[in-house]
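Student: Can you keep this structure in mind? I'll have questions shortly.
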């Protein structure tokens, strides 16, 4: 009797275990499908404790198979194979097809993103708030060690009508890649944004998932980046201020090199190397080490690093003296920021403030360096998606204030280019002139002689020509394939409608001519399609309904980045669509972009 009881007891245990196994399997495998279509972070752990880890797209279900059963109906067997999340890390692996359009809603979101933000919001939302970025530092930087007693930083991020996902990815990149003891706080300054998700939804997210170290400051009217940063600095209590734009992603060990330089000399202001995040694909890529300069139109520009700056004992890790800063990303001692006069509060919104603070740093006893071992990615947009509240030309207004306070007699160099501005009003500058006297600042001639001797001067102030460092341009990308581009359904070739050298010309399908070199395409390692070694196949990022055209190769990917899929599709990365024959049986041979569906009209083959 006892053995029977034991046997049935064991059967019961086995049945119960099997039941729980099935229930847990169902729960963990299908819970994602039941999530609503909004941001639903799943908690994980990081250097600052629990944090939201996983992200579900807010407006579109995106390319995941489990969320898009219609993919099978569309016969797309290889949809975003590389878009997977590591179950341990919760980080999305980047795919060139992350921006693929699957339906009209995706198309609307993509087009709206370019209109509102001037970058691909569809990809931004699909990426979520966490992702790995490539470590773009020089190998020597990875061998450096930093003192344990570095000062803690307040990170100030001003934003106006920023994409929600881009803003939170900026914030989470700082949290994910900064030691907790070095991150005193993050201050978000909302410059009176119009978008609803940047109001209550942002507050709710911060309170729920980022309590403690995040402060959200709300401006009651549009102040602009300049005064917005001053407001953020006024609320900061960390020893060091770090200013970041609202569409950045910091890299590995980004903060320690900046803090170490400031710890060594509190009058040193430092900038990271700014890596490139493509506005079209959000791909993160390394930038060369360059330094800031300017021209007499008072516009910032990038300069090659002079040989005199490259021969230091520290080698590739040595700080690089920079005459100016780009302005979006820099760090300085908080007390020194206030001692030096913060920003010119008479400047409006944006423009010129980076040159003004650069001149003031150098002329008033400070130093400005770029730190090669610190890297931060930044979305470089082709246009500003918003203007000034009243439509005023803030760049001109701010440049005039800068010229009259800091350039001394050299302001005539500016007015020689803009004589129309000599009598234009620029407001009261007496406070800034008095600040210059109080700080005992040097002359602008001293700045040109000692900080930026490479700057050329015309007229009576002309000085001997400085050595010019010639940039011979990038090396041509490696050719991967060369041949005719066949449309498999029609057995025709993609060619120029007119001359292959005609910039802006359309491409069409015509009968293949094996003796015609003008039908030869090159596909290179930059994923460019180059016809007859002359022009690249290009798409408009903002008007995806436009047909592809031949344009000068710009080497920046995006609108000229094409990939060949497993189903012989030809996918355009920035548009998120595939190339198709409009009327395969017709005579015109027109081609256009369309949602990728695996149909025969979208099948291509590049010979070679």
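Cβ from N, Cα, C; glycine included.
Relevant sequence annotations retrieved from Swiss-Prot are reproduced here:
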- 1-6: topological domain 'Cytoplasmic' (TOPO_DOM)
- 30-608: topological domain 'Lumenal' (TOPO_DOM)
- 95: phosphoserine (MOD_RES)
- 141-373: disulfide bond (DISULFID)
- 245, 247, 378: Mn(2+) binding site (BINDING)
- 364-441: disulfide bond (DISULFID)
- 493-512: disulfide bond (DISULFID)
- 536-553: disulfide bond (DISULFID)
- 578-596: disulfide bond (DISULFID)
Student: What three-state secondary structure does DSSP assign to residue 536 (disulfide bond)?
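Tutor: Note: residue 536 (disulfide bond) is in a strand by DSSP.
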Student: So which one is it: of the disulfide-bonded residues 441, 493, 596, which has the fewest other Cβ atoms within 10 Å?
Tutor: 441
Student: In three-state terms from DSSP, label residue 553 (disulfide bond) for me.
Tutor: coil
Student: Could you state the whole-number distance in Å separating the C-alpha atoms of residue 536 (disulfide bond) and residue 441 (disulfide bond)?
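Tutor: Residue 441 (disulfide bond) has its Cα 51 Å from the Cα of residue 536 (disulfide bond).
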Student: Give the distance between the Cα atoms of residue 578 (disulfide bond) and residue 493 (disulfide bond), rounded to the nearest whole Å.
Tutor: 17
Student: Whole-number Å only: compute the distance from the Cα of residue 245 (Mn(2+) binding site) to the Cα of residue 512 (disulfide bond).
Tutor: 50
Student: Would you list, in sequence order, the residues of this chain other than 245, 247, 378 that have their CB within 8 A of the centroid of the site's CB atoms, where the site is the one recorded for Mn(2+)?
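Tutor: Here the nearby residues are 170, 244, 246, 248, 277, 328, 329, 377, 379.
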Student: Name, in the order they occur in the sequence, the residues of the same chain whose CB lies under 8 A from the CB of residue 141 (disulfide bond) and which sit 6 or more residues away.
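Tutor: Those within reach of residue 141 (disulfide bond), by Cβ under 8 Å and sequence separation of 6 or more, are 253, 257, 316, 317, 372, 373.
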Student: Would you find the one among the binding-site residues 247, 378 whose Cβ has the most company, meaning other Cβ atoms within 10 Å?
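Tutor: Max Cβ neighbours within 10 Å, all protein chains included: 247.
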